[in-house]
Amino acid sequence: MNEIYFNAYAGYLEGVVRGYRDGLITAPQYLNLTQCETMDDLKLQLATTDYASFLQNEPSPMSTSTLSARCTDALVAEFQYLQQNAAEPISKFLDYITYGYMIDNVILLITGTLHERDTHDLLEKCHPLGFFDTMPALCVATTVQDLYSTVLVDSPLAGYFRECLSAEDLNELNIEIIRNTLHKAYLEDFYAYCQSLGEPTASIMSDILKLEADRRTVNITINSFGTELSKDDRAKLYPRLGNMYPEAQTRLARVDDIDQVKAILEQYSEYKAMLVGVSLGASSGGTGANDVTLEDRFFAREVQFNKDSFEQQFHYGVFYSWLRLKEQEIRNVVWVAECISQQQKDKINNYTSIY
Amino acid sequence: MGAVYSYSYSSYARNLLGATIASLAVWAGLYLLLTGRGERFNVGGYLLRISPYMWALYGISFCIGLSVVGAAWGIFIAGSSILGGAVRTPRIATKNLISIIFCEVVAIYGVIMAIVFSAKIQAVNSSSGFSRSDYYTGFSLFWGGLAVGLSNLICGLAVGITGSNAAVADAHDQQLFVKILVIEIFGSVIGLFGLIVGLLVTGKAEDFAGVI
């Protein structure tokens, strides 16, 4: 019955977001991008895409960071158009999407303040989607209590902060714990919200968010090897959802090295297929030309889920999926640009193709 | 907190009202039954006392009313998707007007049937009231009108949803338009079925004439 009233508040936006999806860079266009020799060539090729109007006024020797910033501007402009035209149920969904960026911004600011960086530089680095009014005030906070009572209590993130308040002072480890706890609370809350929206949004978003939860679980496990994080604390950081919750998570909480993680993952048919040919040791940037990291495989799978969400009409998942696909596309373009500017053409094909 | 209180207060009031009505109904029923007048509670008699004009005019208003609701609903479902899809691919706007027309046709069915039905209504001048044939005309117009109205409502929704699919698919891939249009045509035929049945149901009904 969802079909008969969905379009009353989201029909226009769904049409618009599907239009955005059609503007994503396709495989032949990627092929053209990878053939480029210089950044100017790349810029010329990108002029045929939706990024054209954002890149045309850039002076000619364009750096990769400028390219990345302009592409993000394009993404933000499109998302804000959606937000400005959204009415109640859909606007809340879009707000939920921005909470993830807010968390990243908060963590960026706290980390920057800890390292005594300039506030203005930090604010420029923040993701525009996660901007909220009291954010600049974050730079003065020195303890977690301060952070909460002066700034975050008025932001939408207040509810997520409840579990972090036990941490006493802000150091590297605590910030990392806060980041993961916030993301965990956010994921669980977003998942519950999506379930309350009913079918088909619930089932589509549940696939995507469960994968996200599993990815976080695996990343937390791998990144906690060799740190002072205790195993009990590690288990507390896992999101309480996903395909691996709760059975595999309790076992992942106790493992000590990467081979045990692999053994646990291989019990899941979908992850077993993902692990084939993956070099688990190097999770940050491969060494050879054809090295595939687990992260890349997760991205590829996420892209698959997000593409699937466009196969159905009359649900909110498309808004989330489009944003994730667009982000993946920006990562791809930046990757290609990096390879071109650093003359590393042998790795240029390591992007995750979307369409 | 105020909202919570007011909510619980209004639900309390609603429960009280419901309980009052239920106990009054039970009291009235028992009163009639125990004083030997139970036959007064007579649904059939009540229905028969309704004027055939009432039946006929209800039928006509259901026919046109529900058809228009179906058409309007379908147009907004298809229309908002066309609007959204046309932001990036303006070429779909003119092509997909056909979905809007399919929805509009549903309202036209309702108008046609309402005109056909209302032609059977005439003033009854007989001093001895309605004849049996007049009652038949009233009932058949009522149920015929309801059948046409409901089938047109569902048809409008079906065409609207498929029209929205067609717009979105056409914006993505031009070749899909004709394929989905075929499905849309099948959807729009549902309304025609209702139209035919409505005509058959009221076909044997004669004009209001009274006892001659």
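Note: Cβ is positioned from N, Cα and C throughout, glycine not excepted.
Just so you know, TrEMBL annotations never went through curation; they're auto-generated.
Through the fold, the transmembrane segment (B:12-33) approaches residues 40-41 of its own chain, all at least 6 residues removed from its boundaries and within a Cβ separation under 8 Å. Look at TrEMBL and you will find B:12-33 (among others) tagged as transmembrane segment.
Below 8 angstroms of C-beta separation, residues 100, 102-107, 109-111, 113-114, 117-118, 120-121, 137-139, 141-146, 148-150, 152-161, 163, 191, 198, 208 of the same chain, each at least six residues beyond the ends of the transmembrane segment (B:53-76), sit close to that stretch. Summarising the annotation, TrEMBL assigns transmembrane segment to B:53-76 (among others).
On the 0 to 100 pLDDT scale, the domain 'V-ATPase proteolipid subunit C-like' (B:59-116) averages 94 in this prediction. The domain 'V-ATPase proteolipid subunit C-like' annotation in TrEMBL covers B:59-116 (among others).
The annotation transmembrane segment is assigned in TrEMBL to B:97-121 (among others).
The transmembrane segment annotation in TrEMBL covers B:141-164 (among others).
Taken from TrEMBL, the feature domain 'V-ATPase proteolipid subunit C-like' applies to B:143-200 (among others).
Per TrEMBL, the feature transmembrane segment maps to B:176-201 (among others).
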Folded-back contacts onto the transmembrane segment (B:141-164), same chain, C-beta under 8 angstroms, at least six residues removed: 55-56, 58-67, 69-78, 80-82, 96, 99-100, 102-103, 106-107, 109-110, 113-114, 117, 120, 180, 183-184, 187-188, 190-191, 193-195, 197-199, 201-202, 205
The domain 'V-ATPase proteolipid subunit C-like' (B:59-116), counted residue by residue under DSSP: helix, strand, coil: 51 helix, 0 strand, 7 coil
Residue distribution over DSSP helix, strand and coil in the domain 'V-ATPase proteolipid subunit C-like' (B:143-200): 55 helix, 0 strand, 3 coil
